[in-house]
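Input: a single structure, listed below in structure tokens.
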């Protein structure tokens, strides 16, 4: 059976955490922007942000390859000027995971922002607070549960992504092979024992993560 290589587990967590951080800082402003008004432009942006949810992973991965591949304008610029390559690297895995995870944060946060009573915002404006201050001190404290739910869903989605990550970063052992890809490779190689072990590890990790998240949420509600 051989020793169990835990690198895919380590990489999966590293990729998921980094992708969630990117999703937070990119998705939260978008969610707030979408919650503040109406119009065809906002409807278009809203639809665009939800595309990763409905597109097949292979299609989404193909778009990312076209956009970030070595022959793309972005890929050529990054490689020629900074010697940076996106595809078939851990960076590519982070970008792929962030793209599939960010819609969940945007949707959950947007819903939470829409539920904030406008009277609170108007009262803060009458007190002379600027919009950024209102966002940080009024909106976020009220909408934090929805934001936290979005962060949680983004992390879990990034942790379990397979198709898009495989398309963009490949399955290079000890470099880009995340846990879902390692499970797939074990099955392809006919190593069911290893696949079962990896599945059990991934399931156990997911249960522990969800338990910790639920415990923190209960403490926050009490506090």
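Even glycines carry a Cβ here, placed using N, Cα and C.
TrEMBL entries are annotated by machine, without manual review.
Feature list (source: TrEMBL):
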- 9-211: domain 'ABC transmembrane type-1' (DOMAIN)
- 12-34: transmembrane segment (TRANSMEM)
- 41-64: transmembrane segment (TRANSMEM)
- 84-106: transmembrane segment (TRANSMEM)
- 132-156: transmembrane segment (TRANSMEM)
- 193-216: transmembrane segment (TRANSMEM)
Report summary line: If you count CB pairs under 8 A between the transmembrane segment (41-64) and each of 12-34, 132-156, 193-216, the winner is 12-34
Report summary line: Beyond a gap of at least 6 residues from its ends, the CB atoms lying under 8 Å from the transmembrane segment (193-216) belong to 1-2, 4, 8-9, 152, 155-156, 159-160, 179-180, 182-183, 186-187
